[in-house]
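First comes the structure, then the notes that go with it.
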Amino acid sequence: MTHSDQTRPLQSRASGPLTGKVRVPGDKSISHRALILGALAVGETRISGLLEGEDVLNTAKSMQALGARVERTGDFAWKVNGVGVAGFAPPKAPLDFGNSGTGCRLVMGAVAGCPISAVFDGDASLRSRPMRRILDPLEKMGAKVISGGEGGRLPLTLQGARDPLPIVYTTPVASAQIKSAVLLAGLAAPGTTTVIETEASRDHTELMLKHFGADISSAQEGTHGRRITLKGQPELHGATVVVPADPSSAAFPVVAALIVEGSDVVLSDVMTNPLRTGLFTTLREMGASIEESEARGDAGEPMARLRVRASKLRGVEVPPERAPSMIDEYLVLAVAASFAEGTTIMRGLHELRVKESDRLEATAAMLRVNGVKVEVSGDDLIVEGRGHVPGGGTVATHMDHRIAMSALVMGCASDQPVSVDDTAFIATSFPDFIPMMRSLGAEFS
Ligand SMILES: O=C(O)C1=C[C@@H](OP(=O)(O)O)[C@@H](O)[C@H](O)C1
Ligand SMILES: C=C(OP(=O)(O)O)C(=O)O
């Protein structure tokens with residue numbers, strides 16, 4: 001899906017208490033993986049609660065272009081009939097992943113294990129993001145880059161391996177996308193593919209591979225790392241996947257409820273995989289009232305109901321080893337930190353520089369233009385909280401959904417309204433964000 005070129009500005013102003021019960025959309029990481037594994041399995045996969053955001057819809061289209069049958073059977077309900085491991089057919093046209101790093105990089109891994117070539121492309125944001133980190137291990141496994149931009153940038157043509165080799169690979173940065181690309185290519189290789197990460201990243205690929213019948217195991221490596229071992233050439237069977245609500249999307253109403261006085265908001269079915277909940281841990285350390293109940297799980301992914309009540313927050317120091325478990329949440333944490341009393345120091349954020357935008361600089365700019373004192377020091381972000389935010393600024397979103405949503409959350413409680421230049425990219429991950437926030441009482445106009 002190509003993104004609409006029309007920009008959609010919006011303003012957010014302080015409202016009365018936010019109240020109500022909502023279910024944010026399905027988890028983006030799990031939605032991509034359900035479609036990809038469904039396409040690599042034999043038989044039928046049924047997915048409920050799929051995120052119908054642009055990023056995931058682009059992955060669905062790419063699976064179809066590679067030969068799987070992908071059908072929408074109802075609201076958030078999808079059916080995939082797969083082609084089997086290494087069974088992708090050559091796509092007739094370039095695969096367009098729009099704004100989505102996850103879709104593009106995971107599908108590169110899956111294509112690398114098939115004897116086909118495919119053109120990978122995306123929007124201006126995705127074209128600027130590094131792909132060498134994916135291509136390096138895939139080339140070791142036998143895939144080849146036929147053509148591509150500088151530093152392996154999109155658009156590029158990848159030729160998959162006829163006889164993929166299993167490898168032992170240590171990821172150079174904590175990245176579930178790198179890990180997943182290697183594991184998906186490793187499905188087609190004979191023998192054992194091993195990925196070692198010195199800091200554990202989200203493990204949805206491992207959990208879902210197991211759910212689809214792969215022989216995969218994971219062991220502790222050092223203090224914070226993991227060693228993942230996958231036996232190649234399994235027969236993956238179609239499965240039923242229930243997608244829990246996305247904690248990275250829940251982050252926005254959670255922070256809004258914390259900073260708007262008198263708020264009391266309930267979020268159902270939020271995924272609570274510990275490799276995704278660093279934001280909730282940090283907010284609790286800051287004094288946030290976030291109560292968890294109705295804990296349950298499906299296919300190894302835990303979920304719970306969260307009740308969030310407005311809270312007085314204080315500044316904290318966030319250690320660098322927590323970064324992988326909240327990598328997409330620092331923008332909205334910086335908003336919470338702006339409303340806290342005292343300094344919040346977030347350490348080890350180098351990976352934020354290579355997301356949909358340079359999120360380290362973009363977050364600092366979002367705060368600065370709204371009167372918050374903030375500093376970027378190397379890879380650290382330092383926010384001086386003063387208990388209130390002046391607001392009054394216009395935030396540049398840089399084709400980045402999470403900047404747009406964070407800025408709108410900031411405006412929910414700032415002294416003056418906060419404007420954003422473009423909300424269009426919110427549709428990549430949280431298409432109902434604006435109406436859902438309004439249903440809780442937010443004033444967006
Ligand atoms: O694997 C995934 O689903 C994701 C991994 C993370 O990226 P990295 O692997 O680049 O850290 C995260 O930022 C992204 O939103 C989703
Ligand atoms: C970084 C993100 O996604 P992706 O890498 O898939 O574009 C995100 O959703 O914040």
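A Cβ is built for glycine as well, from the same backbone N, Cα and C atoms used for every other residue.
According to TrEMBL, the compositional bias 'Polar residues' annotation covers 1-14.
Annotated region 'Disordered' per TrEMBL: 1-25, in sequence order. Same-chain residues lying 6 or more positions outside the region 'Disordered' (1-25) and placing a CB less than 8 Å from one of its CB atoms are 51-54, 57-58, 61, 76, 96, 98-99, 123, 245-246, 249-250, 253, 256-257, 260-270, 310, 407-425, 427-432, 434, 436, 439-445.
Under the heading domain 'Enolpyruvate transferase', TrEMBL lists 14-435.
According to DSSP, Ser29 (3-phosphoshikimate binding site) sits within a helical segment. Other C-beta atoms found within 10 angstroms of the C-beta of Ser29 (3-phosphoshikimate binding site) number 27, with every protein chain shown included. If you look up TrEMBL, you'll see Lys28, Ser29, Arg33, Ser175, Gln177, Asp328, Lys355 marked as 3-phosphoshikimate binding site.
Sequence-distant contacts of Arg129 (phosphoenolpyruvate binding site), defined by Cβ-Cβ distance under 8 angstroms and a gap of at least six in the same chain, are Gly101, Arg153, Leu154, Val354, Lys355, Glu356. What TrEMBL records for Lys28, Gly101, Arg129, Gln177, Arg359, Arg402 is phosphoenolpyruvate binding site.
The active site, proton acceptor annotation in TrEMBL covers Asp328. Within 10 Å of the C-beta atom of Asp328 (3-phosphoshikimate binding site) sit 22 other C-beta atoms, taking all shown protein chains into account.
Ligand 1 lies within reach of Ser29, Gln177 from the binding-site residues Ser29, Arg33, Arg129, Gln177, Arg402, judged by a C-beta closer than 6 angstroms to any of its atoms. In sequence order, Leu51, Gly53, Asp55, Val56, Thr102, Asp246, Ser248, Ser249, Ser429 are the residues near Lys28 (3-phosphoshikimate binding site), counting only same-chain partners six or more apart with C-beta under 8 A. Ligand 2 lies under 6 Å from the Cβ of Gly101, Asp328, Lys355, out of the binding-site residues Gly101, Asp328, Lys355, Arg359. By the criterion of other Cβ atoms within 10 Å of the residue's own Cβ, the least surrounded of the binding-site residues Lys355, Arg359, Arg402 is Lys355. In this view, Ser175 (3-phosphoshikimate binding site) is surrounded by 22 other Cβ atoms within 10 Å of its Cβ, with every protein chain counted.
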